[in-house]
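Colleague: Checked TrEMBL, it gives:
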BINDING   A:G149, A:V150, A:S151, A:R152, A:S153, A:G154, A:K155, A:T156  ADP binding site
Protein chains: 2
Amino acid sequence: MRTAYYISDGTAITAEIFGHALLTLFEVKFNHVTIPFVETVEQAEQVNKKISESFQDKDHRPLVFYTIVNPEVRKVISQSVGINYNFLDQFVAPLEKVLGIPAKPEKHRTHSIHEKTYDIRIDAVNYALANDDGSNLKDYHEADIILVGVSRSGKTPTSLYLALQYGIKAANYPFTEDDMGDILRLPAVLKQFKNKLFGLTIQAERLHQIRSERRANSHYASLRQCRMELRVVENLYRKERIPFLNSTHFSIEEISAKILAETGLERKNY
Amino acid sequence: MRTAYYISDGTAITAEIFGHALLTLFEVKFNHVTIPFVETVEQAEQVNKKISESFQDKDHRPLVFYTIVNPEVRKVISQSVGINYNFLDQFVAPLEKVLGIPAKPEKHRTHSIHEKTYDIRIDAVNYALANDDGSNLKDYHEADIILVGVSRSGKTPTSLYLALQYGIKAANYPFTEDDMGDILRLPAVLKQFKNKLFGLTIQAERLHQIRSERRANSHYASLRQCRMELRVVENLYRKERIPFLNSTHFSIEEISAKILAETGLERKNY
């Protein structure tokens, strides 16, 4: 199997994400190896040695994807025996021309604690944890968004992703069996923050499957119960004009991107 | 201010992360606009209209960063009035040559629910939440790693990031004042999983600052108490040969990448 290396003097997250997006265009399996924090010429030479050694066992030259700011370190990696892709460089010269200024590379510029929005993201994660699953009803005035939905419709991981990725303070509130009558009424605590509400729903069969993994053969997991709860909350969303999304076929990344696009919610982090 | 657009027929996360890494090389402020899920020619034409309109107000042509799989949609965006950067295409032809096969673009290939590791990541997030802050001591046999450290040293957000990004099941256990004697002993529940432990520590002044935001002027937040707790746990790490990291100057992305590099822990998601 061919090896794909992701190398950086930082976390290597940019090289990984971009390299991954490229490789998924091809129907080939790769052995993936990330080597972050390659910050000195000596470390870079060690990396090249490792790439050379791995190559001797194999038919195929390894791919080497890298984003390295330090020019001396970069030069060493560019001489590895692999097929080298310097991701950022291809775009730097044309951008310098367009912007009319030279690039000023700084080490650890992305994904570091020095990014201005870092503290905002961590605060948002703490907020999401403290306001998960209706566990705290008194700080909704601080929320940027309040996700609502039945148990296991995707509220918690979406709240965490919105916080971690975008610095958005997302609370989430579960509609439980106690809330269900024939017609669910919007709980008073949510009514005053109605403009912050966003509903999630999910296919009954999928919900039944997810709940069964937690509590097999329970009333809670039964298809009948799932159908009833979903019917009630979807009616509520429509009656109260709460925007909502069916999460069945979407990842938390997709759900989050769709929520941002639909609500126009401002992200704190780019 | 010049606008940077991030456009995709998926979440646009790849375009955002790569574009962001590029733009941080330049000392210029940008107005950032993400437009995800541009899936039809009609939607693409609407996007171009929006780009044209925003350009009329400004001196500078907008930058348009895009990763679009559908060739017809891509063609429309490539004709926008912005300065267009098709991120993936530049690398596809050389990769096709190296790999000896043509690219087979599929829609929503990354960051979607169809990725094989998606369920693993969500399971890991649920595990991290259920095993946060020593709240559950009986499922440590399932953990890939158990982060230990004093309160507010970065354990919880790091556990969540390891889960969300890498699909790693990370529990975390806080050393509290009750655990501290003159010499902290490793709690029995951790002893049997000693090979899974990874310690976090932090500068006393920074810990004092973080705790003071939570409980100002408390015994818990006092510099004296922070110093004592950190001294005790660092001694424990050394005595028990638990690998550890000082998180003071690192983001959770950096801490996570360093933990993976140092422990050789296998990631479930690439």
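Quick reminder: no glycine exception, Cβ is built from N, Cα and C everywhere.
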Colleague: Which ones, out of the binding-site residues A:V150, A:R152, A:G154, A:K155, A:T156, lie near enough to chain B that their C-beta is under 8 angstroms from one of its C-beta atoms?
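Modeller: Near chain B: A:T156.
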Colleague: What residues, ordered by sequence, lie under 8 A Cβ-to-Cβ from A:V150 (ADP binding site) and sit at least six positions away in the same chain?
Modeller: A:P174, A:F175, A:T176, A:T201, A:I202, A:L207, A:C226, A:E229, A:L230, A:V233
Colleague: Using all protein chains shown, find which of the binding-site residues A:R152, A:K155 scores highest when you count other CB atoms within 10 A of its CB.
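Modeller: The most densely surrounded of these binding-site residues is A:K155.
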Colleague: By the DSSP assignment reduced to helix, strand and coil, which category contains A:K155 (ADP binding site)?
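Modeller: In the DSSP reduction, A:K155 (ADP binding site) maps to helix.
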Colleague: Relative to the Cβ position of A:S151 (ADP binding site), how many further Cβ atoms are located within 10 Å?
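Modeller: There are 18 of them.
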Colleague: Could you tell me which of these binding-site residues, A:S153, A:T156, has the fewest other Cβ atoms within 10 Å of its Cβ?
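Modeller: Relative to the other binding-site residues in A:S153, A:T156, A:T156 has the fewest Cβ atoms within 10 Å.
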Colleague: Cβ within 8 angstroms of the Cβ centroid of A:G149, A:V150, A:S151, A:R152, A:S153, A:G154, A:K155, A:T156: which residues besides those meet this for the ADP site?
Modeller: A:N172, A:P174, A:L200, A:I202
Colleague: Give me the count of other Cβ atoms within 10 A of the Cβ belonging to A:G149 (ADP binding site).
Modeller: 27
Colleague: Return the count of C-beta atoms lying within 10 angstroms of the C-beta of A:G154 (ADP binding site), excluding that atom itself.
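Modeller: I count 25 other Cβ atoms within 10 Å of it.
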